[in-house]
Amino acid sequence: MNIAATLSGCDTPSADTPRPVLRERGQREVFCGLTGIVWLHRKMQDAFFLVVGSRTCAHLLQSAAGVMIFAEPRFATAIMEERDLAGMVDAQDELDRVVDRLLSRRPDIKTLFLVGSCPSEVIKLDLAKAAERLGKQHMPNVRILNYSGSGIETTFTQGEDACLTALVPEMPAHVADAPQDLLIVGSLPDIVEDQFLRLFAELGIDNVGCLPARNARDLPRVGPNTRYLLAQPFLAETAMALEGRGAVRLDALFPFGAEGTTSWLKAAADAFGIDEAHFDRVVEPGRQRAKRAISHVKANLEGKRISFLPDSQLEVPLARFLATELDMIPVEVGTPYLHRAHCALELDLIPPSARISEGQDVERQLDRVRADKPDLTVCGLGLANPLEAEGFSTKWAIELVFSPIHGFDQAGDLAELFARPLRRRDVLEV
Ligand code: SF4
């Protein structure tokens, strides 16, 4: 039996006691960390992701990312054949040959990520060793790094966490007396990143770096005077690595919705001593814009009950946004991993009636959905169709990862993503 569910904490959360979390360790239904390559390869223009994996890995990437017809692709799979898996050839030699061929054909590649998969892990192919060996050959032209996107070790968004963690040791160090700077951590669509950079510049915060940088070669500096804001809630390892370099996390809500975005910007403004009145002058127009956009969708969502099955780790901040700004009622908020410190402010704002769960045991969670009968269930692709067939309205969690949803100007679109399936159901019922 693979069921292991425990309820930790106590029944009524208070300031002194942690909120109870239902912990489950059963069968999972989520994408593996390779999926992160789909958005990371678009973000880092000079990077290439070489998955060392199987045909399954190649199919996953091709179907998730589509085929790049007009541009040179920035990801590929070095497919391990049976003789690799059977140990009949030296997989390290084969990999050297593939990398040499790739880099001689593609001088535009400045950072190469060797990405581990389930098959490479099963045969214990040491990609860290390979990255070190190949790095010696190809530096300074190409930096070679490695991380694991395998489904044994990572779920979905953890691939980004593993990738960014691999970049942290490469970030140049600040000189000891460098002025305080700000680091935005987490991959955002360029248009959203530009909006945030404009707001920080208007606030008077000029030293702002982004991890990942648009060119993996232009990594921002880091040091004890770095204050960082997490843009994504799934970057626990990256945060730990940055703190190992002396950076200090600014505690804030994640930048979803009018209030989340305000809290996120305010944490930076406070750390940089920005005057309160100036903060309001700069931020208030965007905040009001976001509130207006959200209000157009509110009638479709208020009072509606929503359950999240664990998928992207965005579940906790999104449930907070829907509860506080759209008056939705979170019934269950499931997340693959819950970082209590990073999500502490979020958890405080989710109504105590909501069940918070961490990890997955898919059959038990589906049973709870059937018992709870939420108006909307946010879940992975594989669970959406069966639930729809049972009469539940669903939202694909992956859409929330692939759409621009951070910041003031995306708040209305974010609310709309939840309203659409409910409107569709209403139309079908008429
Ligand atoms: S890494 Fe593992 S889970 Fe992911 S596609 Fe490859 S074989 Fe499947």
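Each Cβ is built from the backbone N, Cα and C atoms, and glycine gets one as well.
Automatic prediction, not curation, is the source of TrEMBL annotations.
Feature annotation from TrEMBL assigns [4Fe-4S] cluster binding site to Cys32, Cys57, Cys118. Positions annotated as domain 'Nitrogenase/oxidoreductase component 1' by TrEMBL: 32-420.
Excluding Cys32, Cys57, Cys118, which define the [4Fe-4S] cluster site, the same chain contributes Leu34, Val51, Gly53, Ser54, Thr56, Leu60, Ser117, Pro119, Gly149, Ser150, Gly151, Ile152 within 8 Å (Cβ to the Cβ centroid), listed in sequence order. When pLDDT values are averaged over the domain 'Nitrogenase/oxidoreductase component 1' (32-420), the model yields 93.
Less than 8 angstroms from the CB of Cys57 ([4Fe-4S] cluster binding site) sit Leu34, Val51, Thr77, Ser117, Cys118, Pro119, each of them six or more residues away in the same chain. Of all the binding-site residues listed (Cys32, Cys118), Cys32 sits in the most crowded Cβ setting, with the most other Cβ atoms within 10 Å.
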